[in-house]
Amino acid sequence: MDFLLEVLVGGLLSGVMYSLVAIGFVLIYKTSGVLNFAQGAQLLFAALTFVSLVEREVPFVAALAITLGAMVVIGLAIERFVLRPLVNQPPITLFMATLGLSYVIEGASQLLWGAQVHGLDLGIDDAPIEAAGIFISQFDLFAAGIAGAMVLALVLFFRKTRTGLAFRAVADDQVAALSVGIRLPRVWVAVWIAAGVVALVSGLLWGARLGVQFSLSLVVLKALPVLVLGGFDSVAGAIVGGLLIGAAEKLAEVYIGPLFGGGIEGWFAYVAALAFLLVRPSGLFGQKLVERV
Amino acid sequence: MTDLTLSQPRQGLPAWAGRLPVALLLAVAFGVVPFVGDQYLFDAILVPFLALSLAGVGLNLLTGYAGQVSLGSAAFMAVGAFASYNFILRIEGLPLLAGLALGGVTAAAVGLVFGLPSLRLKGFYLAVSTLAAQFFVQWALTKFDWFSNGNASGVITAPPLTVLGISFDSSVGRYLFSLIVVALLTLAAWRLTRSEIGRSFIAVRDRDVAASSLGISVLRVKLLAFAVSSFIVGVAGALWAFAYLRTVEPAGFDLDRSFQILFIVIIGGLASIRGAFLGAGFIVIFPLILSRLGQALLGDTFDSGVLENAQKIVVGGLIIAFLIAEPAGLSALVARLTRRNLN
Amino acid sequence: MMMVMSEQIATAWALEQAGVTPAFLRREEEEAAPPVYRGDALLVLQGVSLAFGGVRALSDIGFAAREGETLAIIGPNGAGKSSLLNVINGIYRPQSGRVLFRGLDLTGRGARNAARAGIARTFQNIALFKGLSVIDNIVTGRSLAHRAGLFEQILGLPRARREEAEAREEALRLLDFLQLGAFAERQVGALPYGLQKRVELARALAARPRLLLLDEPMAGMSAGEKQDLSDAILAAKARFGMTVVLIEHDIGVVMNLSDHILVLDYGQKIADGTPDAVRDDPRVIEAYLGAGH
């Protein structure tokens with residue numbers, strides 16, 4: 001029983017990190033209507049830049065600030081050179097553009113910082129601690145805490161600030177938002193920068209867990225089933241979906257995986273999300289949209 | 001969606017005139033190229049071009065015509081390749097072409113299963129759910145060595161390419177074999193797009209509620225699109241494995257391959273058979289030019305890793321630039337150019 | 001051109017009333033229009049209620065449309081007219097009540113089953129297939145007549161060829177009938193609005209329906225265009241003998257076209273009768289002129 005609980009808690013904690021990556025997608029999708037596949041590349045770029053700076057004896061805080069600056073610049077560039085020229089194109093075209101973008105960013109990150117694997121030490125001990133009779137990884141706890149704080153900060157930002165209000169107006173109805181004088185490009189810039197920040201934080205957390213290397217950009221593939229489950233446009237869906245997928249994946253790895261000889265984590269989350277949608281087609285929080293005809 | 005203009009018979013010209021370029025192209029492909037091409041042209045350019053074109057045609061039926069985005073094409077290629085391999089391996093005396101067809105049918109069946117979510121999901125939700133096919137198939141082919149006749153890393157080797165006693169196991173032979181298969185299936189796909197079923201694909205893509213109000217079964221159309229598309233993509237996978245690579249492992253059919261096929265369709269032009277060939281040509285030839293160019297310009301100053309990353313940046317940038325400049329794809333560009341020349 | 005057409009159709013209609021078929025309307029002997037029965041109830045709705053979430057769209061609607069009549073549904077915006085049409089052809093499933101067509105219970109059985117039973121329709125916001133030419137749109141209207149399977153169609157076997165030829169012939173006849181011949185090979189998206197509405201009517205007629213549903217067929221049209229389309233509808237009725245249920249805002253058009261009027265307000269039926277009876281109904285006058293509208 002304790003073992004089950006341990007697995008469950010471990011799953012939920014890594015689920016928080018899925019949620020964080022998924023929220024990066026949601027931000028972009030809500031305002032631009034595009035599934036930003038470059039999120040993974042952005043995440044890789046952020047982690048690689050940060051770790052390379054630290055390895056070059058740049059102080060932690062300065063490295064963080066520089067990386068943040070780079071993410072902002074990238075966000076601005078994406079808005080200006082990719083999104084704006086492609087406005088009003090169908091979603092599939094935009095998706096393709098973000099795929100191209102991910103090639104550019106991946107290529108640039110490795111050209112800039114090399115392709116070797118970097119260890120990233122955030123100074124958190126990975127030793128398990130005992131709480132209420134079960135063992136939990138300290139790092140998992142820390143990562144979940146940071147991710148949770150990040151989620152909270154984003155929620156507050158979009159509830160309380162003017163930009164946040166504009167963001168929600170745009171997400172709700174682009175045309176109406178435009179007609180009340182909200183400047184779409186400005187919201188886009190804000191959102192891409194926010195997504196860059198999310199990429200930085202999740203890049204550091206995932207990088208510390210997995211090592212900073214090319215495969216880090218594949219973390220997006222963990223977030224996609226979360227989005228299918230929770231909805232591409234729902235922050236709450238991303239949070240709860242991440243927790244569910246994280247927990248289900250860990251449980252399956254321990255209890256179902258051995259039946260197949262292991263290695264099921266590549267596809268299990270997808271199949272689980274699909275199975276869930278079969279039972280509940282509108283997803284976790286999605287309203288059943290009635291199509292006007 | 002963008003203006004998915006289907007090629008129309010040009011006004012003022014007889015119907016056969018519109019087909020003249022294709023006939024001419026086929027005549028050159030069958031009658032001239034085999035005699036003048038060299039091994040490099042066949043092995044490194046034409047055979048992969050043909051296999052990828054066919055995969056593009058298959059995906060275009062699903063994504064361009066029926067409007068269902070799939071990110072799992074490579075999985076269906078893999079199913080086609082591994083199923084063909086196993087049919088030919090395990091059924092004594094099974095003709096090669098029958099093996100290919102059975103591989104295609106297996107891919108169609110798998111496509112049907114992974115197409116089921118399309119009955120409930122649309123757009124990106126469906127696109128992401130097709131990733132389930134991508135990861136599951138790759139996992140299963142690697143995990144269970146039965147599929148690769150006991151090879152621990154899942155590697156399969158091409159059977160001899162012999163049809164009716166004629167061996168196609170030379171560079172030019174593999175080219176001709178691919179050409180015949182691709183030409184026949186492309187003709188079938190083209191006929192399909194002109195038929196009642198092809199129109200119902202477009203109807204479901206453009207207005208599914210209106211389509212069902214006309215009595216079209218949206219459910220049947222979507223599943224049919226998945227099955228037909230997967231059949232063609234599956235045969236393309238078998239060509240890729242047997243005629244191009246000749247030894248292939250499941251990792252050769254990874255997510256990047258799926259994206260590559262989708263690129264071919266988008267760059268070539270959605271809902272355009274011709275576009276699949278244009279897109280495949282771009283995808284095959286462009287990196288070759290780029291790496292030649294890179295070597296010529298930079299020589300040996302940089303290692304291959306640098307070159308590879310630089311190439312990645314250029315390819316990515318060009319894809320973006322291309323989407324901005326010509327969102328309707330190469331086929332729209334070609335249509336505009338030919339129209340201008342004719343008038 | 002428009003005027004010429006409307007005159008032609010008006011003449012044709014007058015001739016048909018007199019039992020004479022002009023050359024341009026003459027069809028093969030076996031395809032003669034089915035006899036018109038006035039009196040039998042073709043379509044019956046009983047106690048239909050529909051709600052979206054908590055919002056009531058239709059409350060306890062019941063009425064009958066007789067074979068061969070033209071029934072107009074009128075009412076202020078948001079009265080539930082389109083919802084009612086969507087219930088009739090099975091797109092919406094009402095929470096309670098029944099839809100009976102030719103004695104078949106079609107309630108919530110889906111648009112496809114409604115089409116198979118003999119119901120065709122047009123849409124308020126034109127729902128043509130933008131990727132198809134004008135003639136191919138109309139040919140698609142004959143989808144139900146196709147029996148040939150995938151391989152027959154790809155290989156062009158006799159049955160597939162015959163069905164294709166038949167569908168194309170029928171489409172050509174309808175193009176002629178609705179004066180669309182000149183636009184046969186054009187992309188529908190490029191046509192002006194009025195012509196698109198006409199193509200959509202042709203597509204619905206191609207199915208040879210027993211019941212034709214028209215959702216605001218004349219919205220956004222000039223007086224001349226409205227006259228043309230009214231004439232076309234009358235001519236089509238004379239030729240094919242189907243029952244028509246239409247939604248229309250222009251009271252002049254409604255009075256001119258219909259034998260039977262149903263008035264909705266806030267999802268409730270407030271009047272149901274002949275044009276003369278409805279015109280003088282105080283509740284109808286209240287709904288149209290009263291405060292709050």
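Positions of Cβ are set from backbone N, Cα and C atoms, glycine also.
The transmembrane segment annotation in TrEMBL covers B:12-34, B:40-62, B:94-116, B:123-141, B:172-190, B:223-245, B:257-273, B:313-335.
Fewer than three CB pairs closer than 8 A are found between the transmembrane segment (B:40-62) and the transmembrane segment (B:123-141), and contact between the two stretches is not assigned (pairs 6 or more residues apart).
It is B:223-245 that, among the stretches B:123-141, B:223-245, B:257-273, forms the most Cβ pairs under 8 Å with the transmembrane segment (B:94-116). Nonlocal intrachain contacts for the transmembrane segment (B:123-141), taken as residues 6+ away from its ends with a CB within less than 8 angstroms of a stretch CB, comprise 68-72, 74-76, 78-79, 82, 110-111, 114, 117, 147-148, 154, 250-251, 253-255, 258. Sequence-distant contacts of the transmembrane segment (B:223-245), counting only residues of its own chain at least 6 positions beyond either end whose CB sits under 8 Å from a CB of the stretch, comprise 43, 47-48, 50-52, 54-55, 57-59, 61-62, 65-66, 68, 70, 73-74, 76-81, 83-85, 99-101, 103-112, 114-116, 118-119, 156, 158-159, 161, 174-175, 177-178, 181-182, 185, 189, 192, 197, 201, 204, 252-253, 261.
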